[in-house]
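As recorded in TrEMBL, the features of this protein are as follows:
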- 124-145: transmembrane segment (TRANSMEM)
- 151-171: transmembrane segment (TRANSMEM)
- 204-226: transmembrane segment (TRANSMEM)
- 238-264: transmembrane segment (TRANSMEM)
- 276-293: transmembrane segment (TRANSMEM)
- 319-341: transmembrane segment (TRANSMEM)
- 362-388: transmembrane segment (TRANSMEM)
- 394-418: transmembrane segment (TRANSMEM)
- 439-461: transmembrane segment (TRANSMEM)
- 467-492: transmembrane segment (TRANSMEM)
- 512-534: transmembrane segment (TRANSMEM)
- 554-573: transmembrane segment (TRANSMEM)
């Protein structure tokens with residue numbers, strides 16, 4: 001690569017200013033230490049040309065410096081929070097990789113250009129509305145009440161969990177917005193350009209399971225409502241090898257086919273589904289609450305029911321023993337998105353949009369929709385004489401052609417909007433990362449859908465206990481360590497700076513090649529983060545018994561334990577061994593890996 005000295009760059013910057021680069025929307029050019037020379041300016045100019053500026057950037061590489069294009073937004077009120085605000089809302093960078101390895105890139109993995117950054121804060125918030133409004137979220141608070149909590153304790157647990165998971169969600173969304181890169185590409189910085197397949201496939205396999213579960217829920221909703229409308233006309237014998245009836249399987253596959261048709265139309269179609277589904281889902285949720293309140297003459301006895309953990313109640317003094325496993329399970333509910341949120345924030349117009357959109361969309365709507373679930377479930381006691389936690393069963397009992405049609409539409413839309421966004425994009429990108437030249441996003445999405453059907457998801461969620469302690473906590477034990485490693489690498493070690501060229505390079509001297517494309521420190525930290533939770537997991541699934549009480553209790557905090565152990569192990573390991581793994585790289589000669 002041709003190099004220039006810093007004075008040369010300063011003269012180039014001066015020349016660029018004198019040649020009226022301001023018409024491109026980048027009036028200011030300056031060298032900023034350490035490690036970068038930057039062009040900065042407003043990103044809103046009508047004549048902004050990313051390709052022209054990027055061409056200039058590539059003509060002026062500097063020894064020890066990387067010239068970057070930074071699109072700056074000024075005047076944001078969020079910048080009033082000092083250095084933290086400045087860091088979280090810093091400018092986006094729109095530089096394409098120079099001479100990338102074809103085995104590491106395709107059109108789907110290119111850093112998102114300005115022209116394709118079309119997610120506003122409303123789009124991000126709408127994405128979360130579409131994700132949150134689904135049957136599992138509706139039943140989540142009800143399952144906590146079944147475990148003995150009062151409705152207020154249930155909502156409190158869910159709110160605290162979502163405020164906690166919002167932190168890694170926003171932080172992990174930062175590099176996606178700043179550099180326009182998806183999760184598998186971000187993981188290359190910490191796990192290595194080939195090692196990134198490990199966390200991305202872990203996330204992808206979990207999403208395949210979730211895709212199957214949500215597809216089953218959507219198909220089952222359609223089956224239940226149609227069966228109620230036809231007065232049991234869809235009954236049939238259980239198919240032995242499937243464990244469900246033919247009509248149930250038919251509804252499952254019909255809903256599966258609808259989702260596949262959307263997947264094949266790409267990310268823009270997914271964005272439109274989320275955008276238009278959000279207001280419909282909010283309106284239908286409000287309508288359900290109004291119906292329950294008017295029909296029951298109030299919200300029923302469940303809202304007045306005391307906690308089973310209160311003094312004199314059957315579970316007196318046992319609240320914390322239930323609260324922390326439930327908290328971990330609720331964190332695990334969105335632990336998947338905390339990892340691959342860059343897959344969406346890469347399309348955000350700026351950092352403020354992704355931050356505000358997520359801060360409004362996740363905790364507020366999750367608490368609100370869980371409250372809808374609790375309120376309607378409580379009202380069903382007065383209406384039907386028994387508590388019905390499943391919204392599908394509630395809607396089936398309402399009856400009537402119009403109600404059935406609205407119910408099928410609403411439930412299908414709710415499940416579809418959640419499933420497409422949460423459980424297709426991540427595994428599709430994980431598969432693309434395996435072989436970008438052979439696998440496109442559409443092929444990856446279709447493969448995800450096939451795997452989700454093959455695993456027979458109806459067998460994964462046969463009980464509340466199995467759902468919370470085996471599925472939710474189990475995979476949170478895997479994903480917590482990965483989240484800790486990513487955040488430690490990006491924010492603490494690299495100070496939010498990534499070399500875009502190295503993310504797409506298999507050159508042994510590039511920053512993220514490490515040892516043959518793998519970072520043994522990251523892999524070791526991942527193993528260390530998972531290890532403490534293995535005994536508790538094996539006990540939870542019934543493979544072993546007699547696990548030490550301390551190890552069993554540790555599993556109740558699986559996500560937090562894995563996150564803490566892995567991030568600490570990664571930090572220490574990289575400080576000690578980082579420079580020796582890629583001594584020829586630029587970052588190995590900086591203070592990146594040094595204590596202090």
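Using the three backbone atoms N, Cα and C, a Cβ is placed for every residue, glycine included.
The structure displayed is predicted, hence computed values, not measured ones.
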(request) Count the CB pairs under 8 A between the transmembrane segment (319-341) and each of 204-226, 276-293, 439-461, 512-534, 554-573, then give me the winner. (result) 554-573
(message) Can you work out whether the transmembrane segment (124-145) touches the transmembrane segment (238-264), with the criterion being 3+ CB pairs under 8 Å where the paired residues are 6 or more apart along the chain?
(response) no
(message) Does the transmembrane segment (204-226) come close to the transmembrane segment (238-264), meaning at least 3 CB pairs under 8 Å for residues 6 or more apart?
(response) yes
(request) Mind pulling out the one from 151-171, 276-293, 394-418 with the most Cβ pairs under 8 angstroms to the transmembrane segment (204-226)? (result) 394-418
(request) For the transmembrane segment (439-461), could you work out the same-chain residues 6 or more beyond its ends whose Cβ comes under 8 Å from its Cβ atoms? (result) 106, 108, 204, 207-209, 211-213, 215-216, 220, 242-244, 252-253, 256, 259-260, 263-264, 266-267, 423-425, 427-432, 467, 471
(message) Which range wins on Cβ pairs under 8 Å with the transmembrane segment (394-418): 151-171, 276-293, 362-388?
(response) 276-293
(message) For the transmembrane segment (151-171), give me same-chain residues lying six or more residues beyond its boundaries with a C-beta closer than 8 angstroms to one of its C-beta atoms, as numbers and ranges.
(response) 88, 140-142, 144-145, 302-303, 305, 307, 309, 319, 323, 326-327, 330-331, 333-335, 337-338, 341, 354-355, 358-359, 362-363, 366-367, 370-371, 374, 378, 483, 487, 491, 563
(message) Below 8 angstroms Cβ to Cβ, which residues of this chain, lying six or more residues outside the transmembrane segment (276-293), approach it?
(response) 125-126, 129-130, 133, 299, 369, 372, 375-376, 379-380, 383, 391, 394, 398, 406, 410, 413-414, 416-417
